[in-house]
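Below: one structure, written as structure tokens.
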């Protein structure tokens, strides 16, 4: 990737212009300030005021594989800051990552991808420790041996989670947010740096998102994530149109585009902030409404001290479930009994269920990226003509098509792309990798959460097993007919309604605000 002011920019830009002069014909149609919330009541009103239409859509986020041998192990959602911070990024207190390198200038006979990585890196947004996004294959045996009605797990081996286990009370709702903030550094990036540099920072620190500052100590900032990267890729490839002619022109000429401009193109929720003395109940209400992360500030609300993501919260509750009241009863119930995520094809979905969005395995990968953009989701199920689940494509998988040599993947099938991803994981891990991203309507909430923690996914697809597959068999890599999806939002919304004072939390509120549901 090219840093600002690089002398190699001109040749790279020529190669992009050559690419744009012969765009692939995939048949694709053209196409906030964050309010401060220190009060639970004010926060609830703010989130619930966004809820409008009942039409449904699937929640999404990047599905990454992770070791399941010890569900208590994991890294936080910010990526540890290290030496060699890329130009344009600077360290405050916590953030997310992955890397883009410069686009090599080549002959006009070669197709070029707008982003290209030069090296491997690890990183995922916002916290080093309990919420890392490092893609690692899960141990299927560990997932398979989970008893569907057991809340027992191995506690986290990290000193951070061990410390939390010693200090929290039996009422998780009263735990102050300060107890979930690690004193590690957050990584912020400046809005003036290029999209390539921003992607480099994501990769470097193995993050999924980064706060973008317009000025030093700006706490009312938007975030850059893989949805923005997907939009940028589609814009460069002339597959979408936006209402900013100058940004469109710069993208299609191959000129560097400030990340601060790109993040404005994708609808986002406000950057919610809660003071560190606020308790977990309020954060649960906001995250259970579909907001993916909240910023935690000091008492004066002048400085961000950490970020709490949906995945970090789920992992924290799972690691410490034995210490909390009233979890066992909910954890033993099935998804069907809880009425979350499961879609009955004979009845109309409720306003608290997610709509399944899928694509056929023989459709082109570029169409999957386009569909995720237009539906404003971050993952999509891949199915066969009979509706059986074949796999999953996440918006974070865009990182696998940032090299010039990987560009032909866009014009290949979704099923082929899934095989490429699995092969890549197998090479990196030295063994076969086949993370199980599905559950059944009869799967318990405990098993579902365990799989979400083990795979570091944001959602699991719900399938109806074939007649010859026992409904309680979790060891079979085969899935079944896709009938639904259950997400982190669904689960956090359920916990908020059942175990906090916020009984009317709507898991689709944030999606409506982003325009994902009309």
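Including glycine, each Cβ sits where the backbone N, Cα and C put it.
As the structure is a computational prediction, the values presented were derived from the model and not from experiment.
Among the features that Swiss-Prot reports, compositional bias 'Low complexity' is placed at 1-14, 23-54, 97-110. Taken from Swiss-Prot, the feature domain 'CBS 1' applies to 181-242. According to Swiss-Prot, the domain 'CBS 2' annotation covers 265-323. Annotated domain 'CBS 3' per Swiss-Prot: 350-409, in sequence order.
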DSSP-assigned states of the domain 'CBS 2' (265-323) in counts, ordered helix, strand, coil: 21 helix, 15 strand, 23 coil
The domain 'CBS 1' (181-242): DSSP-derived helix, strand, coil residue counts: 21 helix, 15 strand, 26 coil
DSSP helix/strand/coil residue counts for the domain 'CBS 3' (350-409): 24 helix, 16 strand, 20 coil
Taken over the domain 'CBS 2' (265-323), the model's mean pLDDT: 89
